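Enquirer: Before anything else, here's the structure in question.
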Amino acid sequence: MGRYTTDQVQVYVLVIVLCTFFSTLQARSLRDHPLIHKNIDSRSLLQKLRIHISNHKQVRDISGDRLSPAGPDPQHNGRSPPRK
C-alpha cells in the first residue's frame, strides 16, 4: 500500500477539525449571545407597527354550500386529444 504524504495528512486533519467545528457550531445555543436581539412575539411587533389585530376581521368560510366537482366537463373535455 502507498504511504500518505505529509500534505495528505494535513488535509485530512484539517477536514476533521473543520467538521468537528461546524458540528459543534450547529449545536451551540445563542440565547445569551450579546449580538442576538431579544425575542419579540408577533403581537408586540404588530403593536409597534401600530397595526391592531382587533380591527381586522377573520373571514372563514364555514358554510355548508360547497360543491365538489362533478367530473370532466363534457363541453370542454368531450373530444379525446389528438394522437401523434
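Heads up, the Cβ atoms here are built off N, Cα and C, so glycines get one too.
Per Swiss-Prot, O-linked glycosylation site is recorded for Pro72. Look at Swiss-Prot and you will find Pro69, Pro72 tagged as hydroxyproline. Annotated region 'Disordered' per Swiss-Prot: 57-84, in sequence order. Taken from Swiss-Prot, the feature signal peptide applies to 1-29.
Describe the structural surroundings of these features, if you would.
Expert: Pro72 (O-linked glycosylation site) has a Cβ environment of 9 other Cβ atoms inside 10 Å.
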Enquirer: May I ask you to report the DSSP-based helix, strand or coil state of Pro72 (O-linked glycosylation site)?
Expert: coil
